[in-house]
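Scroll down for the structure; my scribbles are underneath it.
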Amino acid sequence: MTGYFKDIAPIRYAGPDSDDEFAYRHYDPDEVVMGKRMEDHLRLAVAYWHSLAYEGADPFGGRTYDRPWYGDTMEAARAKADAAFDLFAILGQPFFCFHDADVRPEGATFAESRRNLDAICDIFAAKMEQTGTKLLWGTANMFSHRRWMAGAATNPDPEIFAYAAACVKACMDVTHRLDGQNYVLWGGREGYETLLNTDLGREAEQAGRFLTKVVEYKHKIGFKGAILIEPKPQEPAKHQYDFDVATVYGFLKRFGLENEVKLNIEQGHAILAGHSFEHELALAASLDMLGSIDMNRNDYQSGWDTDQFPNNVPETALAYYEVLRAGGFTTGGTNFDARVRRQSLDPEDLVLAHVGAIDVCARGLKAAAAMLEDGGLERMRALRYAGWDRPEAQAMLDQPLDRIAARVEERDLDPQPVSGGQERLENWVNRFV
Ligand code: XUL
Ligand code: CO
């Protein structure tokens, strides 16, 4: 222990009646839910960037936190790694996630940045071996440094495209070395600020070529994890190409990558795109594209991607319902892409934010499992579509339009509307959440 988290003891499950705020009241990693341990269902991860690297800045003001590991040196990066693994030990969650820029100082040259990354990942490797903490995914930060202001793979400057290739290669290499379960690409600057200076056809082509190379490289090095795209409609770019699940699916189909790449779906990004989280999850599942989730919550008044810790059990339950219904995570998991508010200065705030969020996920998972085990929604859904079980209804899907139309007159069809029963279903859901 480095001392930053003082005497905060590892958080243990103490049951719902406990009034110890430093205990899990719902997250019992060993509790079996639908035949699987809760820890193996949720596959929780701490996000390095929000918990270790973020300094509390917002668009109107700078750093508010005062963590002893801040700074641009390797010494600071090593101290940050120590604090990170202390936090992981306190929380006892199985995974973490990081960007290159979260964990190492930027060097004077690309080669120096890469050596810094490799050196920190050597430290990670040793700590992971000691503690058993695993890497859910790695990624490259290709949005913070000013070189990325006009995009990475979609940049008008081919040398930035090359630099992006070098960054992704370096990050894939360390992710592979650390046995990461996935590699994520989120295109924060892959989009535009104004169409007046943007050739969006060309930029999409560049993005497609780039992703193809990433997939080829994955196979070349024998990386067994999944490549994941994380959709988001805007912020920081005014318009981002990976807008939502449907848009990314269309993009992957266009470049023949739909069987190679899956999705990392974030609650706050779904809301920004004008969808619900469960919509995005259900759509991805229906396309067999569900990879992993970034769990968080936006402030519904501000309209920004505020990356707060989740605290809404009914919403979380509906999200995990879709995950469980799709068969659960394979390589994916639940990454807390969430940060404490800029006035939450203390080490305790960082720990308690995760404790609360982990309990919310546990409650959501249990509610989702109870809903699935009861089967009410699936029964009601089956009834609603029962007409399609009839062989003649299925046959119709293969018939031409005029044949179907003729049948309406032959049989004098006059279909009667039936209730969608939404309130009954909402009442049913409320019995579980
Ligand atoms: C930004 C965001 C990123 C990605 C990884 O909104 O979600 O942190 O998850 O680059
Ligand atoms: Co995210």
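Just so you know, glycine gets a Cβ as well, placed from its N, Cα and C.
The model shown is predicted, which means the values in this text are computed figures rather than measured ones.
In the three-state DSSP assignment, the secondary structure recorded for HIS99 (active site) is strand. Note: HIS99 (active site) has non-local neighbours TYR48, TRP49, GLY138, THR139, ALA140, ASN141, CYS171, i.e. same-chain residues 6+ apart with C-beta under 8 A of its own C-beta. Look at TrEMBL and you will find HIS99 (among others) tagged as active site.
All protein chains included, ASP102 (active site) registers 22 other Cβ atoms within 10 Å of its own Cβ. Under the heading active site, TrEMBL lists ASP102 (among others).
Note: GLU266 (Mg(2+) 1 binding site) has non-local neighbours GLU230, PRO231, LYS232, ILE293, ASP294, MET295, ASN296, ASP337, i.e. same-chain residues 6+ apart with C-beta under 8 A of its own C-beta. The Mg(2+) 1 binding site annotation in TrEMBL covers GLU230, GLU266, ASP294, ASP337.
The Mg(2+) 2 binding site annotation in TrEMBL covers GLU266, HIS269, ASP305, ASP307.
Taking a Cβ distance under 6 Å to any atom of ligand 1 as the criterion, the recorded positions ASP102, GLU230, GLU266, ASP294 reduce to GLU230, GLU266, ASP294. For ASP102 (active site), the nearest neighbour among the listed binding-site residues (HIS269, ASP305, ASP307), judged by C-alpha distance, is ASP307. One way to see the shell of the Mg(2+) 1 site is to take the Cβ centroid of GLU230, GLU266, ASP294, ASP337; the remaining same-chain residues with a Cβ within 8 Å of it are TRP186, LYS232, ASN264, ILE265, GLN267, GLY268, HIS269, ILE293, MET295, ASN296, ASN335. Cβ contacts within 10 Å of ASP305 (Mg(2+) 2 binding site), excluding its own Cβ and spanning all protein chains shown: 20.
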